[in-house]
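A.B. asks: One structure follows; several queries about it will come next.
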Amino acid sequence: MKFFLPWVLAVGIISQISDAKDETARTFQVLGVVKKLKPEIRTAVIDHEEIPGYMDAMTMSLEVRDIAEFNGIKAGDKIAFRMNVTEDDGWIDQLKLVSAARTSDEPAAAPSPLIPIAAGENLPDAELVDEQGQPFKLSDHQGQAIAVTFIYTRCPFPTFCPRINTHFREAQTFLKNDPAAPKNWRLLSITIDPGHDTPEVLSSFAKTQGADPSHWKFATGTLRNITRLTVQSGLNFWDDRGLIQHNLRTLVADPSGRVTKVFAEDELSSKALSEELIKAAKKETCACSEKIP
C-alpha cells in the first residue's frame with residue numbers, strides 16, 4: 001500500500017488544479033498540414049509552420065479534447081487551429097479547413113517500416129558522451145536496470161520532452177526515497193539535437209531538472225550513432241526539411257541488457273516507470289553468451 005498511496009494522492013491533487021491551469025493557457029494561432037488522423041486516440045499528426053517566439057516548424061502528434069474537431073478534416077488538408085499550452089499540458093482546438101488536399105497531396109502508402117526492438121530483445125549498444133564529456137557505451141550499464149529515453153533541451157511543448165523529464169525526475173525521487181527499492185537502476189536521457197545539446201548544455205540542463213548524476217545521466221553523441229539507436233528503438237526525429245520532429249519512446253532494460261518494457265507515445269508515467277525499473281532491477285544478470293549487438 002505504501003507504494004501506491006503517494007501516486008493516488010498526487011493524481012487527486014492534479015485533478016483538482018487542472019481546470020485552473022486550463023484557464024491560464026497560452027494560445028497560439030497556427031497553420032499546418034494534416035499528415036494523419038488518429039481518431040481512436042483523439043490525435044492528429046500535423047506538420048505545422050513556425051510559431052514565432054515559441055516553436056520551430058515541426059511535425060507533431062497533437063491531441064484534441066473533442067473528437068468533433070476532426071469533422072470535415074482529412075489527411076493532406078491544410079488547416080488553421082489554435083494551440084493551447086499550460087504549464088504541463090497542451091492541446092489543439094478550433095480546427096478550420098484552409099484548403100482541401102488535392103489528390104497529389106494525399107499521403108502515399110508508407111513503405112514497410114523497420115520493426116523496432118521489443119520486450120525480450122537486447123537493448124542496442126551505442127557509443128555516447130555524457131554531460132561531463134565522458135565517452136561511454138550503453139553496454140557499460142550491464143548489471144543495472146536502465147530506462148533510456150530521447151529528448152532535446154529546446155523542446156517547448158509540455159506533453160512532449162518536458163513531460164518525459166517530469167516523469168524521470170519523479171521516478172528518480174521515488175526510487176531514491178523508497179528504502180525497499182533496489183539500488184541498481186539508472187536513467188538515461190539521450191538528446192536528439194546533438195548539434196545544439198553539447199555536454200556543457202546538457203550539464204546545465206541536468207541541473208535544472210534536478211538530476212542526480214549517480215542515477216540520472218544525460219548524453220549526446222554523433223548524429224549517426226544517435227540516429228541508429230533511435231531507429232532501432234522505434235523513434236523518428238527528422239523530417240524531409242532537416243527539422244526536428246519526433247514521437248516518444250522510452251525503453252527499460254534489465255541488468256543483462258534485455259528490454260523488459262517499451263513505453264510508446266503517452267504510455268509513460270512516473271508510477272509505471274518506477275514499477276518497471278524495480279521489476280527489471282530484480283532480475284539477475286544473464287549468464288548467456290549472447291552479447292548486445
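Glycine is no exception: its Cβ is also placed from the backbone N, Cα and C atoms.
Taken from TrEMBL, the feature domain 'Thioredoxin' applies to 117-283. Residues or ranges marked as disulfide bond in TrEMBL: CYS155-CYS161. Annotated Cu cation binding site per TrEMBL: CYS155, CYS161, HIS246, in sequence order.
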A.B. asks: Pick from CYS155, CYS161: which of these disulfide-bonded residues has the biggest number of other Cβ atoms within 10 Å of its Cβ?
C.D. replies: CYS161
A.B. asks: Which whole-number mean pLDDT does the model give the domain 'Thioredoxin' (117-283)?
C.D. replies: 92
A.B. asks: Would you mind pulling the DSSP three-state label for CYS155 (disulfide bond)?
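C.D. replies: SS state of CYS155 (disulfide bond) = coil.
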